[in-house]
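Heads up: the structure comes next, in structure tokens.
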Amino acid sequence: IKMAGDSRFPDMDTDGSEKSEEMEIVVNVGGVRQVFYGDNLNQYPETRLAELVNCLSGGYDSIFSLCDDYDPGKREFYFDRDPDAFKCIIDVYYFGEIHMKKGICPICFKNEMEFWKVDLKFLDDCCKAHLSEKKEELEEIARRVQLILDDLGVDASESRWKRCQKCIWKFLEKPESSYPARVIAVLSFLFILISSVVMCVGTIPDLQVVDAEGNRMEHPTLDSIETACIGWFTMEYVLRLISSPNKLHFALSFMNIVDVLAILPFYVSLTLTHLGAKLMELSNVQQAVQALRIMRIARIFKLARHSSGLQTLTYALKRSFKELGLLLMYLAVGIFVFSALGYTMEQSHPETLFKSIPQSFWWAIITMTTVGYGDIYPKTTLGKLNAAISFLCGVIAIALPIHPIINNFVRYYNKQRVLETAAKHELELMELNSAEGKATGSRSELEDLSREGKEGPFYSSRIKVSHSDTFIHLLSEEKHYRTRLQSCK
């Protein structure tokens, strides 16, 4: 045991300390030795390395409050920390900024910077972006775990109606919660497919019938099937609205707006058919009904509720607005240029099809997108050359932004799978560790923990997670416990 005043400590000056500017110290971090000079370290006096310069005069307590071990003969400080992260952090003393090495977990690197008492403001902006992204991932994992734990627990203090609302909400919104919920999700999916098929089949002339006025209408059997589907959609929407914890957010949600658009045309058409004839001419009623029946195509978007692939595509497109904007800008510039050139070059031909530049926009669009309907085409040599250049440029303009859009889709899809797996692993670790406290290891203890977590903004501190690599602050307040996600080594 090293004591303050031990003879093995180096001799001090009469002032009780050496001149810190001329002092040389040796730091051993995870077996990697680094030599530092006081004048460099004192540029940032609040950091841990700068405190080492003046800690010798404080004796045992001062030295070992800063490091794990100390060799007075070599004047060497020992730290059981990550040497790779340390090599990046010491750049602040030489360059005034820090860059993370590729392959280091941003959260672990942030923890290392906190240990060495280096402010995050010295981290370069490119590395801060990685840190922010990793924080968002951990918050998303914690949110998913919280939702699952909330589903497992039942608060006895809640009223019977509140508990009933939660059960209905889980039954309709979370197919993974139980087997009956999965059955309901499959039935809803089948009703969407059936209603879409009926909508398409109803337009086949051979399956239509003629009414008393001689107008064609859908077959009564198909009409009955559609009525049954609309009844299912209506019941589903009303139950989900009643059981929703936040009804305003529910009503303004995009997918719920789609549900309303899929249901509303049926009831409006029904109202116009029975009551509209008394208020307006029959022909106007029929036109309004036909226009509303076209809106039935909105129900196909209900498939996105049951398809993770469609949801991923939607989110990927949202993340790709910049690339999509570039694509539209390239096409817009090309359409304007080549349509103007085509109109100018084709004016010399007596049978020209290019009557005006706005009319030429249509030709430029179908040419640059390589559709080529052939309704408008050039007849002069220069016009044909212009057309050849236009579709070559169109292929290039479309191909350039496609790769980033595909990368965004793949990245987001893989990220969602990783987050889902990580949340499941986190729950497994919690359940495993809670089972160690009780011989039974039953699932009821996990439910108890989830109920306790509702008392504050974070989870209950009783949740003991496994000694693994990453710590999620949102999942436990005891920082000496680690979870599977604490490091990405």
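Even glycines carry a Cβ here, placed using N, Cα and C.
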* What range among 1-21, 463-483 does TrEMBL record as region 'Disordered'? -> 1-21
* Could you give the number of helix, strand and coil residues in the domain 'Potassium channel tetramerisation-type BTB' (25-126) as assigned by DSSP? -> 45 helix, 20 strand, 37 coil
* Asked: Between 0 and 100, where does the mean pLDDT of the coiled coil (415-452) sit?
  -> 64
